[in-house]
Amino acid sequence: MSVSKKPMVLVILDGYGYREEQQDNAIFSAKTPVMDALWANRPHTLIDASGLEVGLPDRQMGNSEVGHVNLGAGRIVYQDLTRLDVEIKDRAFFANPVLTGAVDKAKNAGKAVHIMGLLSAGGVHSHEDHIMAMVELAAERGAEKIYLHAFLDGRDTPPRSAESSLKKFEEKFAALGKGRVASIIGRYYAMDRDNRWDRVEKAYDLLTLAQGEFQADTTVAGLQAAYARDENDEFVKATVIRAEGQPDAAMEDGDALIFMNFRADRAREITRAFVNADFDGFARKKVVNVDFVMLTEYAADIKTAVAYPPASLVNTFGEWMAKNDKTQLRISETEKYAHVTFFFNGGVEESFKGEDRILINSPKVATYDLQPEMSSAELTEKLVAAIKSGKYDTIICNYPNGDMVGHTGVMEAAVKAVEALDHCVEEVAKAVESVGGQLLITADHGNAEQMRDPATGQAHTAHTNLPVPLIYVGDKNVKAVEGGKLSDIAPTMLSLMGMEIPQEMTGKPLFIVE
């Protein structure tokens, strides 16, 4: 019989940042005896999870995709946001052959160029500056029919902040003398990632048929009407923007459709509705043969043009484990399963040799403030069983609660979420110690520690740019190093496991064995 393994466990408490101020801080307000005791009695440090330290622009808040890529890569990975900013600044973007090719083909055939994406300055799934650059590219290349389909944010930005962005684009189109915003809809519909196809269908119909529940002459009028219906940006219902005398912006065969989101997880479903011949999420009322361009690759099995294909990462933590014949488990709920698998593996969809995966279904509720504990009890049960199984050299687990409940902006629910996590951490730490394993507890970015925006007084539903905790639980006598970042975690784990760190990993171990 094989020797029982003593696992190195990484628990990622999604959205669990560190903030000294107590006001509007769900983590401080929650009763967390377990985390308090670990912080007081175990080796610990604070690490950076935002901005330049994770390959984002300076002071840009972190997010789950970026966080997990850096965690798994063991090096700073320059994100699509930063890469695109640079390309636009030096004008390489305006010569991108995939983007220019799609625009030119549509223009030469007298067809429309449709641009869609999350119109947001949040920088998590997209950035409105990139969308503006795409509008300029289409106009510069002589396209006459340019239609922008704006997905509204209110999640990575304040809940009612879309008006200034929409005005900026209205002014741009007026200055160009061509093109217009053709539709607005909340990301709740257009950017679902949990197979809630009834939501996606509403966005698809709006785009393909130019039909929605509402119509307005201007974007601001459409937005104000939504606010009057008590819909924040995220939840704005399908609204056609079309003044009298303006042509219909329904999509037709041969049109170009450029999707300007750079983050994959919430871009996949609506992309599949356009691209997959065998799509069965809902019965499409109109199937259009558009020239579809993904800004980045949303999934390897989506067969359509990609403007910025992924740069491959060699010797990520998962790949290095496989090369060294180690066994590993990835486990999370639906909401963060892609993060501990695809993103942690550097954008690789397939599992590595010796890598098992467990997916726990997230609860089917409209918003997670209705069930702040989410599926954490079942997740913990499965995680504890895996720790005690003796099968795994390493286990990577993500608890989504701090982030998903933090996004609702409901303080009371976020406190409950954090308290549920404290019980989970207790069970996990006990299990790890009972088998002589090691445990690192950290987060990928902040969220729940800031539940109200002090400037506006509105609920703070976005991530933060604050540091996150890192705690060591285990039998090794270790000393914490200050000044770490997410990309130091993989080298830290390898070091604690007594393994060589591959040269591609430029991060440094944050716990030194004394």
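Using the three backbone atoms N, Cα and C, a Cβ is placed for every residue, glycine included.
Quick caveat, the model's predicted, so the values are computed rather than measured.
Per Swiss-Prot, these features apply:
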- SER64: active site, phosphoserine intermediate (ACT_SITE)
- ASP14, SER64, ASP444, HIS445: Mn(2+) 2 binding site (BINDING)
- HIS125, ARG155, ASP156, ARG187, ARG193, ARG263, ALA264, ASP265, ARG266, LYS336: substrate binding site (BINDING)
- ASP403, HIS407, HIS463: Mn(2+) 1 binding site (BINDING)
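Close to the residue listed as 'active site, phosphoserine intermediate', meaning Cα to Cα within 10 A, are the following binding-site residues out of ASP14, ASP156, HIS407, HIS445: ASP14, HIS445.
Cβ neighbour count for HIS463 (Mn(2+) 1 binding site) (all protein chains, 10 Å cutoff from its Cβ): 31. A straight line from the CA of HIS445 (Mn(2+) 2 binding site) to the CA of HIS463 (Mn(2+) 1 binding site) spans 7 Å. For ARG266 (substrate binding site), the count of additional Cβ atoms within 10 Å of its Cβ stands at 21 [all protein chains shown]. Considering only the binding-site residues HIS125, ASP156, ALA264, ARG266, ASP444, HIS463 (Mn(2+) 1 binding site) has ASP156 as its nearest partner by CA-CA distance.
Between the farthest pair of Cα atoms in the substrate binding residues (HIS125, ARG155, ASP156, ARG187, ARG193, ARG263, ALA264, ASP265, ARG266, LYS336), the distance is 18 Å. When the Cα atoms are compared, ASP444 (Mn(2+) 2 binding site) and ARG193 (substrate binding site) turn out to be 19 Å apart. The Cβ of ALA264 (substrate binding site) lies under 8 Å from the Cβ of GLU65, THR296, GLU297, TYR298, ALA299, ALA338, PHE342, each of which sits 6+ residues away along the same chain. Considering only the binding-site residues ASP14, ASP403, HIS407, ASP156 (substrate binding site) has HIS407 as its nearest partner by CA-CA distance.
Cα-Cα distance from HIS125 (substrate binding site) to ASP14 (Mn(2+) 2 binding site): 17 Å (rounded to the nearest whole number).
Counted within 10 Å of its Cβ, the other Cβ atoms near SER64 (active site, phosphoserine intermediate) come to 28, all protein chains included. Per Cα geometry, ASP14 is the residue among the binding-site residues ASP14, ARG193, ARG266 nearest to ASP403 (Mn(2+) 1 binding site). Neighbour list (ASP14 (Mn(2+) 2 binding site), Cβ cut-off 8 Å, at least 6 residues apart, same chain): SER64, LYS336, HIS339, ASN398, TYR399, PRO400, ASN401, GLY402, ASP403, MET404, ALA443, ASP444, HIS445, ASN447. Taking the centroid of the Cβ atoms of ASP14, SER64, ASP444, HIS445 as the Mn(2+) 2 site, the other same-chain residues with Cβ within 8 Å of it are ILE12, GLY15, ALA49, GLY62, ASN63, GLY67, HIS68, LYS336, HIS339, ASN398, ASP403, ALA443, ASN447, HIS463. In the three-state DSSP scheme, ASP403 (Mn(2+) 1 binding site) is classed as helix. On its own chain, HIS407 (Mn(2+) 1 binding site) has GLY15, ARG155, TYR368, ASN447, THR461, ALA462 as residues at least 6 apart in sequence with a Cβ closer than 8 Å to its own Cβ.
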